Amino acid sequence: MTTPQKNSGLVWDLPLRLFHWSLALCFAGAWLTAESEVWKLWHISFGYSMGLLVGFRLIWGVLGTRYARFSEFVKGPSAVKAYFLSHLRGQAQQHVGHNPAGALAIIAILFSTIIIVVSGYLTYQEIGGEWLSEVHEVMASLLMAIVVLHIAAVVATSVLQKENLVRAMLTGKKQLADGAAIQQSRPVVALVLLAALMAVWWGVFR
């Protein structure tokens, strides 16, 4: 049986890539500015931006291009179990979009970010008491742990499957079989998202 020929094709649309790297940048920025009164407005801006980004991702997970949709990569427990067992057996298959482990990371990141943003906003507005501040800090630490595990998994998968996943999330492209690529990168949606992020920062600092 011959192996189907693969060519470079688009998997990740531009709005998804903008979301991914913007969320990473905003979380890193929020983490670094968390303990400083001097950088308080920056911390708030990063937090609001994270909230906007997660809201966008929830919408794009329904309305976005093929591999951005939750229905494409969010699977049940049996599929996740089978994925990890296939790795243990050395029989792991490559996935065009997010693999089941990546799907778990995405769900965990989105869920954690929602709690962080809501608890941070309520704390900033002095609503709810000291316990919300504790929730905010604990969830931020949990999210950092999830991010570290996610990065480690991306590196390991890239090495084991000889596929640079970081580069794919930068360029949007992977080696694909014919017919597997998406046809549009949706740059207009990315511009709208970028404009919304800029509006958040303008609103905080004006």
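Glycine is treated like the rest: Cβ placed from N, Cα and C.
These features come from TrEMBL:
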DOMAIN    11-172  domain 'Cytochrome b561 bacterial/Ni-hydrogenase'
TRANSMEM  14-34  transmembrane segment
TRANSMEM  46-63  transmembrane segment
TRANSMEM  101-122  transmembrane segment
TRANSMEM  142-160  transmembrane segment
TRANSMEM  188-205  transmembrane segment
Positions on the same chain near the transmembrane segment (188-205), where near means CB under 8 A and six or more residues out: 13-15, 17-19, 22, 41, 44-45, 48-49, 52-53, 56, 60
Average model confidence [pLDDT] within the domain 'Cytochrome b561 bacterial/Ni-hydrogenase' (11-172): 93
